[in-house]
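Quick notes on the structure that follows.
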Amino acid sequence: MSKKVALAYSGGLDTSICIPLLKEEYGYDEVITVAVDVGQPKEDVAQAEEKAKKISDKHFTLDVREEFVNDYIFPLIRANGDYEGYVMGTSIARPLIAKKVVEIAEQEGAVALAHGCTGKGNDQLRFEAVFRLTDMDVIAPMREMNLTREWEIEYAKEHGIPVGVTTAKPWSVDENIWSRSIEGGKLEDPGYIPPEEIYKWTTAPEDAPDAQIIEIGFENGVPVSLDGQKMGGVELIEKMNIIAGTHGVGRTDMIEDRVLGLKARENYEHPAATVLLAAHKDLEKLVLTRAELKFKATVDAQWSELAYYGLVDEPLYDDLNAFIDKTQERVAGTVTMKLYKGSVLVLARTSPYALYSEELVSFDGTSIDQKDAEGFAKYHGFQARLYRKFVVKN
């Protein structure tokens, strides 16, 4: 009986050389490649499929864009997903990709699961958090063989595997509908200024056109319309990436704390994510109480950490989502924003659940008798006065 292994396949250098390695070094008879479409460019998906069919024994391409948006990105928006300023496009996609690889492995009778992640990054942990929910063996050639990028490039050439990187320009790109990450090579030097050529989604802010006003509509905490036109999540995010990217919105160059404790220099593009997260957070301020906002900020931070680590099967992750889902019942309305040369500015917001009262807050309003605040003011900071009087004095 053939000894099969299912490989999470992207079409890139790492996963491509895993195919011969799994046979030559690990003794598998059949390598089944699984490419999961979470919004990569169509040409990348097609090229990965074409390459896999030439060098693997069996290949599957799965289009899960709708599932990715509805079950992963929308919960991220509702949770104001953010890890140290990173919108977690790669992080949130990995568990879904891993689950699809497991499904194919079980369908095809594979005895092992493999990925092309290194031993220094986060993705190995995200994939394996899902893979190890099964009883199948888990193989990580890059980590286990301690391979370098230069060695991989030469190995690929020896095996006739085309690669899209060179030793002169060895950065790697990971892309889905929510974000595009660029890392490796000279970019690993935090003192190196990235060349403009690494950016594909965003216009350089100084070259961006004049300002554009847009309106995002929300229901139950998720975006449902753009400029008054209802549309599905995939279409909305794709359009927003183009619009915001044209205005130079959504570039991040950051030092990121990886799960293992290493600090890494990361470059990201995420136009739609920047706009939609800013709009959602602003709308929440209009409809949620101060107590809800304060507590939800803590919940959001914990949610984001679990998502970044790839721990979406943790019971706590479900618990946090239950609370977040309840708060989002009132997060509905519209947010008007201005996009201008790399910046996003909220101009206006409306909601049928707004807790804002223009009459009550106005300096000219008479609904509240200002004298009623006198008693409250007398005892505001009361404990501090007692401390200063009886403790500091002595």
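Residue 1 is the first one shown; counting continues down the chain.
Glycine is no exception: its Cβ is also placed from the backbone N, Cα and C atoms.
Record features (Swiss-Prot):
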BINDING   Ala8, Tyr9, Ser10, Gly11, Gly12, Leu13, Asp14, Thr15, Ser16, Gly116  ATP binding site
BINDING   Tyr86, Ser91, Asn122, Arg126, Ser172, Ser181, Glu256, Tyr268  L-citrulline binding site
BINDING   Thr118, Asn122, Asp123  L-aspartate binding site
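Features as recorded by Swiss-Prot, highlighted on the structure.
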{"residue": "Ala8", "record": "ATP binding site", "Cβ within 10 Å": "26"}
{"residue": "Ser10", "record": "ATP binding site", "Cβ within 10 Å": "24"}
{"residue": "Gly12", "record": "ATP binding site", "Cβ within 10 Å": "18"}
{"residue": "Asp14", "record": "ATP binding site", "Cβ within 10 Å": "21"}
{"residue": "Ser91", "record": "L-citrulline binding site", "Cβ within 10 Å": "27"}
{"residue": "Thr118", "record": "L-aspartate binding site", "Cβ within 10 Å": "16"}
{"residue": "Asn122", "record": "L-citrulline binding site", "Cβ within 10 Å": "20"}
{"residue": "Ser172", "record": "L-citrulline binding site", "Cβ within 10 Å": "17"}
{"residue": "Ser181", "record": "L-citrulline binding site", "Cβ within 10 Å": "20"}
{"residue": "Glu256", "record": "L-citrulline binding site", "Cβ within 10 Å": "18"}
Suppose the ATP site is Ala8, Tyr9, Ser10, Gly11, Gly12, Leu13, Asp14, Thr15, Ser16, Gly116. Which further residues of the same chain have a Cβ inside 8 angstroms of that site's Cβ centroid?
Cys18, Ala48
Can you name the residues of this chain that are 6 or more positions from Arg126 (L-citrulline binding site) yet have a C-beta less than 8 Å from its C-beta?
Ser91, Arg94, Pro95, Ala98, Tyr309, Gly310
Among the binding-site residues Asp14, Tyr86, Ser172, Glu256, whose Cα is within 10 A of the Cα of Thr118 (L-aspartate binding site)?
Asp14
Tell me, in order along the sequence, which binding-site residues from Ser172, Ser181, Tyr268 have their CA within 10 Å of Gly12 (ATP binding site).
Ser172
Which binding-site residues sit within 10 Å of Ser181 (L-citrulline binding site) - Cα, from Ser10, Asp14, Ser16, Asp123:
none
Can you list, in sequence order, the residues of the same chain other than Thr118, Asn122, Asp123 whose CB lies within 8 Å of the CB centroid of the L-aspartate site?
Cys117, Lys120, Gly121, Gln124, Leu125, Arg126, Arg258
Among the binding-site residues Tyr86, Tyr268, which residue has its Cβ surrounded by the fewest other Cβ atoms within 10 Å?
Tyr86
So how many other Cβ atoms are close to Asp123 (L-aspartate binding site), meaning within 10 Å of its Cβ?
22
Asp123 (L-aspartate binding site) to Ala8 (ATP binding site): how many Å between their Cα atoms?
12
Let me know how many other Cβ atoms fall within 10 Å of the Cβ of Ser16 (ATP binding site).
28
